[in-house]
Amino acid sequence: MPAECVNEVSAAKPSDDNAASNQTQSGAAPAEPAASEEPQQKTSSEKLESKEDDAAAKARQRQERFKALQARAKNAAERNLKETAAETQRLATDPALLSSLSRKHAFASHNLLKADTEAAGEDFERKRAWDWTIDESEKWDRRMEKKQRHRDDVAFQDYTQDARKVYKRQLRQMQPDMAAYEREKLAAIEKAAANGDLEIVETNDGEMIAVDKNGTFYSTADTIGFTENKPDRAGVDKLVADLRKAEEVRLKKRRERRGDEEPDVTYINEKNKQFNQKLARFYNKYTTEIRDSFERGTMI
């Protein structure tokens, strides 16, 4: 029995030695994956850290935007409150009353200053002129003279003066087309330069100027180039509208002179017309609404 055990033990030893040798031979290979797992763990940890940093940065940006929106909302609320208060005060105040009070205050101040100046024995107009320069005083005098001429020019004098007033009014209403002027000017310069009438010269300062060599670029009394001008469609429409407006004014004045201003004929002769006018003077304020209702058909 002991001999068999010894044999079994001795027989088992070689197998253990073989297993150990096999483990030693195969154990070198598993050690390598453990070493390669360390960089993978490092890269995964770096990725996690970068993701956390990105999330933190995005959170900070969202917080900053939220704070900016809060500040804008607060400023908008404050401005709205101020504007609402100003609007309420403006609606509660009568502008006509304010203008009347300011006008009365200016008139009272003027009279008070005039009384004090005359009481001191000084010239009021001379003292008041000290507040203005010579240029301002001359401009004011010219303005007053112009206003006085306009007042005197209102009444009809003769047809020449009437035509002059119409012409000046049309000039005031006319607005120059600077864009079209610049286009035509540029086209004229290019045409003259192509024909050799203009010479482009550079000055010492580097500025480019055009020199008229033949003296034919600018218009003179003998120039007839304006006959080739073709107005645009808008200019033609404006001219037609002005002519129609003048014709309407002329016809309206002729109707007023003839007494044909009434659109509806409600009489059969001149005597009946006078009678209807007399009735209208006394009863129009009572019958206007009734007549309008009959014309609209709402009375029935």
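Cβ atoms are placed via backbone N, Cα and C, with glycine included.
The feature coiled coil, as given by Swiss-Prot for the ranges 55-94, 215-254, 255-294, sits at 55-94. Residue counts for the compositional bias 'Basic and acidic residues' (75-85) under DSSP, helix first, then strand, then coil, are 11 helix, 0 strand, 0 coil.
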